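Here TrEMBL flags 45-64, 76-99, 127-146, 158-179, 185-207 as transmembrane segment.
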Amino acid sequence: MNYPQMDFELALWQMLYLCLSPKKVYRNIYYNKQTKNHWARDDPAFVVVLATCILVSAFAYGLAYEFGFFGTIKLMFFMVVVDFLLVGFIISTITWFFANKFLKHSQVHAVEQNVEWAYSFDVHCNSFFPLYLITYVLHFFLLPILKMDNWFSLFIGNSMYLAAWIYYFYITFLGYHALPFLKNTILFLYPVLLVSVLYIILLISGFNIGKHSSIMFLYI
């Protein structure tokens, strides 16, 4: 990995537009395909910046919960290696397999194309960034509200996670929809219905995801 050659400016630009206009991010993949003959990024700068942001967030949570030095290191390891990389590896593998197995157009007279696993991981990283901003960063600043036992806290906590997951599935959909050899990519939006129903159920039952996810930090 050659750090001087990593384009951090591009990575930051992509992060900005993932929040403002995620479609613009996926327009660039055609440039990769035309010039380098692959869909995935060949620059790890995005992953490096995102992992660094997660480390900083973990450090902030360690200070807020007074975990101490080793507790904070453990939390940093968990949030980067487990939450981001391991879960990302699993999700990327599932979506990669699903797209190649069920979503490819039949191409009788054309060269068969496949979804690259690295591209699936790129899509996960893109989708994870807004989710990270909401469930890690915004969550941190709303901790005083999320710890309350009232309806406002319940509404804010659950709405925050609903927005995060809707954004995740939407950007995932955009990522696979951008590949011209895939069909029925709308399937990647179907989980939005599930999380919306779950959101209503949790509101009615009084279960605050924001509050309980805060408590989970104590058991990592």
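Cβ coordinates are placed from backbone N, Cα and C, and glycine is handled just like the others.
Here the transmembrane segment (127-146) sits apart from the transmembrane segment (185-207); fewer than 3 CB pairs are under 8 Å, leaving out pairs fewer than 6 apart in sequence.
Note on the transmembrane segment (185-207): residues 95, 103, 154-155, 158-159, 161-162, 165-166, 169-170, 172-173, 176-177, 179 of its chain, located 6 or more positions outside it, place their CB under 8 angstroms from a CB of the stretch.
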